[in-house]
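Quick notes on the structure that follows.
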């Protein structure tokens, strides 16, 4: 996989910077004769779109997607699909501070050390804008998986505040600005994030993405594990620092008796598991149970409190990141996590077909 | 990356089953003229070797490595290096139960669903024996990185018992059967695991692997992130359910002020960070600070308590996994985690050279 | 390499159909801080542009390239470079015949058999228009190689008429519509192709591409041979049926005495070869001598003579391919061959750096 | 594809040098539940085995293959298959001349320039012995293709002497030491090669490989063309300098009328082609007609006539290559060409399944 391509058979190559003329992706490997149109893709982009509530960046972007290739008379042709999203709100402002100073917690310093050059405008390639391309690709991946596979994400933790899983209600998720599945937690987060926003501070979060209806047998032993590809996928999302499958880090606290998912034959006469500590994956291969992935997003370090840093001349200095403020970048990571789940599953579905027919 | 190959430029392809004639790997992309001999590789294999204490499986394997190609007169030639480890202790016993029943928490069921066939002897390809090949490859990866890069792993949690980081002492790690860096924790784990062993139970664990001396600039934005490749690498290790970089899942609880690693110019006149919440990686690229990865290993479900399961005929039944018992598989994952870290870093070092010279 | 990506480290992914809104490519792996602008790329696109003489298709396309990403303030940033060329002359005509009938010698039938759908407008993805993206990528590849490497192509045979190598003059190549290096051959081809054009017929051709100044050591043994990648590269160009390195097919007629390139120490004190039967490559690795590749392009079967064929309903019928006529598609393959040579060399230069530093 | 791996989904990684302990390959991606045993693989290795007639090298190698993994109870398991062939006849002689001098026409000089080291014993990695691994892998590839696909190769030209295609008889091919399909040509080649052998000279040859029964639709447009992968595959065989598909280089001499393969509906009611100038591939995709590939093998430069060369100290000198002599290396390339054809087709069959189901 090259630095900007994701997947082996369902291959997504993204391109574009935050303040260039456009961003986009090329999806190669898409099966033929699948109905695809811009509206369907747009639906998912709109979920991720910035400026939808006071809790996310105020950048105004229509994020209008254009299909440039690979679709003919409403059907995929099996040739590469290029999707383009033009950048419109690139406030041609003075980047003064950001231009010369390295923002702590950002890629500014490491980019400069690696490439000796960086597009400092809005973070360039490391901007979360790149994830719009992923969401567009994810919409195509869902088409490959078909209606039988349902992928849904939710925000389950903001700072110290975790949702109560007994209150979990998928219908809630689309009815609040946080993708929160726990109605009781919504007002708590609202109050909490308003304070953080007023302080010009920021906070981390945990996203959970689940996939139902995934057939048994996707993934492979050793280096083609479904869970290792999911871990990689989620870790490629900006600001992610941890990934968990099923019990995740908590598995360290469990005994073999507690952790083993016992099997039985269910009413439909099919093999089933009494529990799902495994998160739907055993030995790197899907079990047929719900696939459960969680990932933690760190707080953005674009805050109003001055932080000590250095500039490109090697001088010590201070920085305050002004401009559009994002108190909890984790919120907008939910649709991105869903998209990555879809891409990984589509890729593995095709890989499984290739070897096991 | 194919299902059994890891890495892009430093490419490791492993092969072999637990009870076949041999296991091994082919390392392709190894730079030329590097001194390599079997003794150096053996040193690392001996660390991982089973049966070294009562806390790990009693399978007796010398794990003697043979270099079959790619080394001439003690130096690498730039051609593929094939390493082979013959299986010796493959007790040709009656596999009765395991042959027909699916062990809960194992890959038995998913393998059968995917491939319609499985080598049930000792787990076949999903056996932890495969990791011996990784350790051998890791020894070569360390050679690519050179003496300046120091990679070391430790066991930091067993069940509920976490090490006290104030007691962290790298010298301790090689002086106890747990790779434990906290001398005070050793007797605690000893007592705890003896009980688990007597009960025929098992417990999970957390491993931490660190790399010092890694240059700034390894890794790439978006899909070539150093941390996403590390997450994938660790998640390919048997039984791993969670991976963390730096603050990991805890990043969700932090504010921007707490999490941002402030920069300064250190005494040597070089840019440096006051803290390392990032775990040595920003925007997917190494910062020059210590790289810190943690991963959680679930408890093996090979336990003496009977578990409900089904057999290959679709009948409900029970299983007790007899034979060699491994109370805490996490212990032997430490040298494997080190090896994966070495492979990922070697691969990224070569990728960095290719693009940035 | 996926179906629409070429190269391992210098990776070119092309997208777009003949009659879609645009075509283009994403170049991933481009080293940073290289000066790049649209004018330089355009220079090469103009060489390939259709409708420049009566001997090539009359389709009118400005082939104006736009850089959408990866270049900042005139320098490459190391992030993917997306190049887009909008389609302008897509005569919205009635495709009647081509819509339902399979043109012999074209991909119409095989596309339909493979994908069950095809964009019949101008051949869709199989149109030679795709090669414009390659020429644009080739311009970037030349930048990676630097000024020291000179890549030049020429047309050396049209039908039975071969150039006289004693008359070879590189300066001639840009002074006639055929990229012909033999001034005496130009009028012969002119007369010959005028007749073919009047008859509504077509003819094959042979292109030769050479690279001077390539360092010794590019390429690798076995599956990474420089010549095998060149053969693949040229064979991906539309209508190519044969590829030769150095002596090519003629090597079968030579004896060991005739074919072996003897070595000596030249006046500069460097190792050199008295002859270059090998075409600059031995054991898959560049020798430092000029790299010489030839490939044969078949005549287009878009001719005015009716040919027997079938339609998509499985009925036998006849077809005459009207519309823009291309008597010798080989002519426009010259700049494409140069571009592919540049891409392969850039890729291998980066691969060599990665392993051998 | 890395330097020592061939194929995307049917992936063959070969390893080993001429005079190391063993050579072999790892075949990854093999579909499960396919009956495989060493005898079947051995059958193909025996065809390629050296020393079978006075016209090929006299090195004595049993080339006994061992299956080390991936096969359980006679069936493939879907895990990587490692095949090993031990080297037995590695005459531990004094390599004097070859050790320090670069043989013209061999990879000695280029290896040294690239890697700064080489295993000079028998050519090390560049020895034709590596092709034994390919033949073994090819035997597995044939299993993937099934009985319906028949792959057969023949020697069609030795020096100036070409077979008469009117005499083509596949049954002849296995009845002479040349894989010659023309009974009348056998005595001619015999006499011709005896002279060459007596003179200690060598000569080039052309091999033709055909595949019957290949379904329509394998391959893909642009960079996944079946013919470009075949060209690459054949060009990776030692000493190959040219590759042709169907009409090959001769396509340059044809008119559109001559070259276009007209279509019709055959007696079975299926679409068919009256001719097969295309060699079974249109637009990179198989047509269902016989696939025809030819490649030219240069004469070995290991000859008894002294040739001018240089040594590793940069001194001009002369060399005579003594030891086992191979008057026409092209002969033993026939089974290798068959194997590469099988591997490419198996890979594309799996790629087709993945995308088009």
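Just so it is clear, glycine is given a Cβ too, placed from its N, Cα and C backbone atoms.
Listed in sequence order, the residues of the same chain lying 6 or more apart from residue C:48 (NADP(+) binding site) and placing their CB within less than 8 Å of its CB are C:63, C:131, C:132, C:135, C:332, C:335, C:336. Feature annotation from TrEMBL assigns NADP(+) binding site to C:48, C:54.
Annotation note: residue C:239 (FMN binding site) sits in a coil segment as assigned by DSSP. Proximity of residue C:239 (FMN binding site) to non-local residues of its own chain (separation of 6 or more, Cβ distance below 8 Å) is seen for C:297, C:298, C:300, C:329, C:330, C:333, given in sequence order. The FMN binding site annotation in TrEMBL covers C:125, C:126, C:127, C:238, C:239, C:283, C:298, C:299, C:300, C:301, C:302, C:324.
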Binding-site residues, contacting chain A; criterion Cβ under 8 Å; candidates C:48, C:125, C:127, C:239, C:298, C:302: C:125
Among C:127, C:300 [binding-site residues], residue with fewest other Cβ within 10 Å: C:127
DSSP state at residue C:125 (FMN binding site), helix/strand/coil: helix
Binding-site residues satisfying Cβ distance under 8 Å to any chain D Cβ, from C:48, C:127, C:300: C:300
Secondary-structure category, per DSSP, in which residue C:48 (NADP(+) binding site) falls: helix
Between residue C:54 (NADP(+) binding site) and residue C:302 (FMN binding site): CA-CA distance (Å): 16
Cβ-Cβ neighbours of residue C:298 (FMN binding site) (radius 10 Å): 31
Winner by Cβ contact number (other Cβ atoms within 10 Å) across the binding-site residues C:54, C:125: C:125
